């Protein structure tokens, strides 16, 4: 399937070397679409439940597992080496701690991962094998988005679920990055140092758009599931107790939609 074409109006005013700004411009429309999702706004209001958050962690675990394993495999690639910061940015161990906290020592046997998440991980595996430099678009989108919104989201999550300490929210903490703003400047500078031909640069921008579009496609698919499930649940709403558990399909869908909302919230702080 061909990558979605980006709509850019201001590329001519951006230096050819300023890849980070070009990605930001290329994905502007996707930013806005993600930012205005109802689920993202609900997350900001603290309207997230423990089942939703646990499913969010499951989805993020699979995404980061694929991305970080592919980055590790390609750490010496000239297109990857400049932005390879495992000590500062790696999220996999933090996610494993969070999953262990909520699911117990055998968490790997208990996690649930939606099919739509596998579509994204398959893309990461594919480019890691065939075109590693495109991992940059995904790493920039994912890491800097989480780094930008991590502290705020961590506090929202703690408050919403009544967590007393940082257990269960390790994902949002970046102990290896004492100054997020300075680190983001460094990261963008390293990105901009990557040598790309005109064709490779265009391919990179399209991959950044693809990353957003894959997530938005997941959101749209799950929104349809939510609508169907919600209509079914409403038929017997009077029989349910307040705050009763939702159906597995509902939990499943909302969890991943919240993951998309998290992406949209964080990345816009680039």
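Quick reminder: no glycine exception, Cβ is built from N, Cα and C everywhere.
Under the heading region 'Disordered', TrEMBL lists 1-20. Sequence annotations record features per position, and here TrEMBL assigns compositional bias 'Basic and acidic residues' to 7-20. The feature heme b binding site is assigned by TrEMBL to 24, 31, 140, 188. Residues or ranges marked as transmembrane segment in TrEMBL: 249-269.
Sequence-distant neighbours of residue 140 (heme b binding site) (same chain, 6+ apart, CB under 8 A from its CB) are 20, 23, 83, 187, 191, 208.
Counting other Cβ atoms within 10 Å of each Cβ, the binding-site residues 24, 31, 188 show the lowest value at 31.
Residues 24, 31, 140, 188 are listed as the heme b binders, and the farthest two of them sit 18 Å apart at their Cα atoms.
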